[in-house]
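Colleague: OK, TrEMBL features for this one:
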- 6-199: domain 'CNNM transmembrane' (DOMAIN)
- 217-282: domain 'CBS' (DOMAIN)
- 285-345: domain 'CBS' (DOMAIN)
- 12-34: transmembrane segment (TRANSMEM)
- 66-90: transmembrane segment (TRANSMEM)
- 96-116: transmembrane segment (TRANSMEM)
- 128-154: transmembrane segment (TRANSMEM)
């Protein structure tokens, strides 16, 4: 090889290495930007007509294919750049040039092809993602045949250890999206970006597939019902004097619900009678009862309410026994909370004492206490505060007994037979 050719190589090869390092930086920055960009922000931009945001979203929809193409391209250019650098240093320094090439390329790749572009991409995630997407799309297309082979090998390997390696797993994507939302809510609430009430509203919406009707329903012992065999005047007085607009109507025994009486329907039926109430047939104005299982989730029941255009349902267990009732308002209040003035706790039957402890009725739900007091009592095994005490104590406690669990002290203040009706709860962190 003559001197002219050697000089040409010494000019061409460093230039090639420089270009390859630029490609490496492009791939590194693309990976960081495309995986780190806010999906919600990109979706909003796409809906506003930003075509590049739509392209980014389509690339991310095939996450495994995208990452494989980026990593393949990055490794190819890094290996080629290292090979060219080794050739230059060997021609200049002999065999020791391999060591020199390794040191130089490690520094160049690490600083200029990895750390620098990734740092820029982290600080300007959305702009970088929008910039690289049109350039990366043809790259992914060209590398697709090789990527498909790589992905096949990866999927086979993952299947051997029981892991599914598909982008289209809807449940996995949904769970990941919910986890991302929960993380964002927690992060912003810690930074005072979301007030506590709004945080619980958002958390409750995300929990609607995990909370069942039995957790929020009005228990049957608290349900006001109408006996169809009572004197008609008493029935009318009860329905019109009740604070509730809808009341279950039973006959022979309270388990035999034959209909639902709406106060407005009764008033409409009474007007034409001109005071002759004895002509009123209470059963004819009652609507058909709607029974739903206690294991129905809040989301399913909310959708059912909207579909049926109904606000009232009776909750039954697996044996068909009446457990309670649930209304559309119950589900909405589970999300937004009860309405109270600034001097009251939104949880009914709860009194906050000066020492920080509370006096609570036994049937107050754990979810309501957690929501309003920012506590973290578990509600997996019991729906009410009294139920939690019985579950943890494994006995029916007596008045005056106290228990400590989950970081709180529970003292039984009142009982009605075997039912705990009032407790004092003190946080041990006070």
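Cβ from N, Cα, C; glycine included.
Quick one: how deep are these features, and who are their neighbours?
Modeller: Per-residue confidence over the domain 'CBS' (217-282) averages 92 (mean pLDDT, predicted model).
Sequence-distant contacts of the transmembrane segment (12-34) (same chain, six or more residues past either end, CB-CB distance under 8 Å): 56, 59-60, 66-67, 70-71, 73-74, 77-78, 80-81, 84-85, 87-88, 108-109, 112-114, 116-118, 120-122, 124-126, 128-129, 132-133, 135-136.
Residues of the same chain lying 6 or more positions beyond the ends of the transmembrane segment (128-154) and with a Cβ under 8 Å from any Cβ of it are 26, 29-30, 32-34, 37, 42, 50, 52-53, 55-56, 59, 64-66, 68-70, 72-73, 120-121, 165.
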Colleague: Based on DSSP, tally up the residues of the domain 'CBS' (285-345) by helix, strand and coil.
Modeller: 21 helix, 16 strand, 24 coil
